[in-house]
Amino acid sequence: KWKVFKKIEKVGRNIRDGIVKAGPAIAVLGQAN
């Protein structure tokens, strides 16, 4: 039970990190178009 929760938490953190890293790039692309 706790292992599943830990796995979901880890995936969620990875997704959030990805959004944080991709955010500026998306903003730049949006301004460029």
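Quick reminder: no glycine exception, Cβ is built from N, Cα and C everywhere.
Quick caveat, the model's predicted, so the values are computed rather than measured.
In the three-state DSSP classification, K21 (5-hydroxylysine) falls within a helix. According to Swiss-Prot, the feature 5-hydroxylysine maps to K21.
Residue density at K21 (5-hydroxylysine): 9 other Cβ atoms are found within 10 A of its Cβ, drawing on all protein chains shown.
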